[in-house]
Amino acid sequence: MRDKPDTITSTRRALVRAGSILTVAALAACAPPGSGSTTPEPDPDAPVQEVSTELTTEDVELDLYLESGFTDAWDALQEEFTRQYPNVTFRVRADSFQNLAQNAVRIINAPDAPDLIRFPTVASAAKDGLLANLDPYAAAYGWDDWPQGTLNQVRVEPDGSRGSGSLYALGVGYNTTGLYYNKDIAADLGIEVPPATIAELEQMMEAAKAADVVPMMVGNADFTVAFPYQMVQNQQPGLDDLKDWIYNAPDASFDIEASVTAAETIQRWAGEGYFPDDVNAIDYSTMVGRFADGRALFMPNGDWEAGGLTSGGSGDFGFFLFPGVQEGAPHVAMAAPATYVVPSTASNKDEVAYFLDWIHTDEVARQIVLDVTGSSPGGPAELPAPVAPEGSVIEETLAAAATLADDDGAIDFIGNATTGILTSTIGPDLQLLVSDRITPEEFAASVQQGYQTELGR
Amino acid sequence: MSHARQVAAGALAPAAGPGRDVGLPGGGRRRGIRGRFRGRSWVGWLFVAPALIVYAALVLRPLTMSIQYSFYDWNGIGAATWVGLDNYAEVFQDPSRLRALGNSFRLIFFYSFLSIAIGLVAATLTRSLASRWARAAQTALFLPQVVPLVGAGIAWTWLYASDGAINQILTAVGLESWTRPWLADFDLALPAVGVVGTWVLVGLCTMLLSTGMAKIDPALYDAARVDGAGPVQEFFAVTLPGVRAELAVCLTVTLIAALASFDVIYTMTLGGPGGATMVPGVDIYQLAFNQSRVGAASAMAVVLMALVLAVVVPLQYLVRERS
C-alpha cells in the first residue's frame, strides 16, 4: 500500500525540484558578478569639467550621510551655514562608523546617492568610478595651495594607488595622533614630558612600572597596539617605503627593517610589562575608560579623544607627539583627514563643494570643527588657528597638529593600507607578537603576505 | 547559515505525511480520473507559488549566487575575474581558514555534548520534582535562550575580564593563581566562549528532553522498579531510549549552532587572540565585508554549508532508520 504514494511523492519531489532549479536559473544572472554595473570607468583624458564657485541663489537641500558620533559638529555647521546662506538647507542621515564602513559603497552606488558622505577608504571606490573627482574644484578654490601632507592621502591614481593623482575627498577635521599622559601621575613620578627620544620614553615607562602604575594603557582586543607599533615604526629610517606600502605602490613591501625594528620594540615593551597584563582582552572603549579613570601614565591615541578627556575625565591630561630615535628629529605621526567624499552621481556637486570650502575657510566654521571634534580644521596654512579653551588638552592636541604640519610629518595609518588588513592580519598578528608567539621577522613577513592576498598580488 | 537551517528543518520533517499530498501538482491518487486532474494540475502550482517564489528569491537565489561568486575574484563592486577553484584551494591550504574550520568542530563539544549532557541531567532531576518547582527550574534554565546573543556576549566579556566577576570569585576563595584575562588566553579563550554556547543551549535541550520524558509511559518506570532497577539503570534502560527522537533534534540544532556560530565570537573576541577563537562565520564576515573578497568569502560559506550537511544529514538517516 505504501509503495504507490511514495512513488508519487518522489515524482512530485523531482518536479518541485526541477521547478525550483528553473526558477533559480531564471532569477540568478548568468553573467559574472559586477559586469552589470553601469558606472563609467574614470577617463583621465576627459576634458576638465566646468565648475562654478558661485553659490546658487535657488533653494537647495544638501543630502548628507554622516557618522553618528559626529552629528553634533555637523548640526552646528549646518545651522551656521543656513544662517549665512538661508537658501541652503540640509537633510541628514547617520550611521555608526562600522555600519558606514561596510555599507558606504552601496549607498554611494545607489540611485539616490547623498551629496556628501563620510567614507574612510577612498582608493578602490575612486578606481571603480564611484566618487566625484574634486580636481576642478581644487583648482577653482585653491585647495591645491593648502598643506598637502594629509590631502595626498586621499589622492588616487587611475590604477588605484594612493598618495598622488586626483583629489577624491576632503577632511572635516584633520586628526593627529600622539601620546596622552596623566599629569598627576607624571608629577608624582617626577616625570617631565615630552621625552626627547624613545629611549627617554622607555625610562619614563620603567619609572611608572617601578611605582606599580601601568606605563602605557593600550587595548588589543580590537587591535589598538597598532598605534604604538606604528608610532615606533614611523621614527625608523625608510619612511618613504612605508608610505609607498600604505598607498599600495607596485612592489611595495612591509617586510622592511623599520617594520622588524618596531615589532622588536613592541615585543620587548610587552615583555617588560609596559602594557597592561590583559592587553589582548581590552577593547578600545575599555582602554579609554581606564586611562580616563587615571589608571595609567600614557595612552597612544588620536586628538578625537581630546574632547572627551577634557569634559569627562577625573584627572588632568596632556598630549605630546611621539618622540624620535634621536633628539631633535623631525616629528612623524599618523595624521589623517576624517574623509568625506562626493559620490559621482550626487546632484548638488557645486553647492557641496562650496560648503566644503566654507568649512575649511570660514572663521566660525573652523572654530566649530575644533570645539566639537577636538581636531584641527585644516584649510589654508595662513589662516589663524581657532582658539582652544586655555589649559585644556585640546590646546595641546592643536599645538601638536601645528608642529606636525611644520615638520610635514603626517603619515597615514598602516590599517588604512587596505580595507581589511587591520582586522585580517595586522591585528591578529599583533596579538601573537605581544604574547611572544611569533617573532618580529615572522610578523613583518605575515603582514606582507596578508597584504598581497588582499590586493591579489 | 539560514539556508543550512532550512535544509536541516526540511530533513527533520516526516518523510511522508498526509499533508504532503494536498494540492501538490503532478496528478491525483486515483488513476481512473487522472485525465480529469491533469488539466487542473496547474492549480496546484498556484497554491505552491507564493511560498515557492519567496523561498526561491530569499533562499535558493542567494544560495546559487554564493556558489557562483565562489568561482570569481570579486570585490563586490567592480568587474569580477573567473578564477575556477582557486578560492576553494585557498580554503583548504590557508592555515587560518583551516583553523577556523577546526575551531568550529571543537565548539561542538561545548555547544552539543556539554549542553545535551547537562540538559539530560537537568531534565531527569526536574522530572521527579513537584511540577511547580520543575517548571521554575526549567524556566530559569531556558532564560538564556531569550537573551539576545550579542547582549549575552557583552555580559560574558565583563565576567571574563581581568577585574571581572569570575576572577573576583576565584580570588575570594583563595584561587588567585587561577585568575587570568580569560579571553586573552590562547588556550582558554575557545573553551571560554564555548561555555557561553553551553549556557545558551542548555535551556533548549532541557526543555526538549523534559517534553520527551513526559511522554514516556510511567508503567515502564514501574516495571523497571519492580525488576529492581536503580535510578541509574532506570535512566539508561527507560529514559534514554524514550527520548531518542528529542535527542536527535537537540543534536541537530546544537551541531548547526556550533558549526555556524557567529554572534558570540564576534562580540567577545573577534576571533582573537591571534585567531585562537576564529570560526568560519566570523571569517566569512571579515572576508566579505572587511576585505571585500566576496569570492573567497563565498567559497568558505559553501564549504561550511557542505560541512553542516555532511554532519547533519547522516544523523537524520541514522535516527530515522532506528525509529
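Cβ from N, Cα, C; glycine included.
What TrEMBL says about this one:
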type: TRANSMEM; residues: B:39-60; note: transmembrane segment
type: DOMAIN; residues: B:101-313; note: domain 'ABC transmembrane type-1'
type: TRANSMEM; residues: B:108-129; note: transmembrane segment
type: TRANSMEM; residues: B:141-161; note: transmembrane segment
type: TRANSMEM; residues: B:188-209; note: transmembrane segment
type: TRANSMEM; residues: B:247-268; note: transmembrane segment
type: TRANSMEM; residues: B:296-319; note: transmembrane segment
Contact set, same chain, for the transmembrane segment (B:247-268): CB under 8 Å, 6 or more residues outside the stretch: 1, 4-5, 8, 12, 104-105, 107-108, 110-112, 115-116, 119, 149-150, 152-154, 156-157, 160, 183, 193, 196-197, 200-201, 204-205, 208-209, 212, 240, 277-282, 285, 304, 307-308, 311-312, 315-316, 319
Tertiary contacts of the transmembrane segment (B:108-129), as residues 6+ beyond its ends and Cβ separation under 8 Å: 137-138, 141, 191, 194-195, 197-198, 201-202, 204-206, 208-210, 212-214, 235, 239-240, 243, 247, 250-251, 254-255, 257-259, 261
Positions whose Cβ lies under 8 angstroms from the transmembrane segment (B:141-161), at least six residues beyond its ends: 122, 167, 181-183, 192-193, 196, 199-204, 206-207, 263-264, 266-268
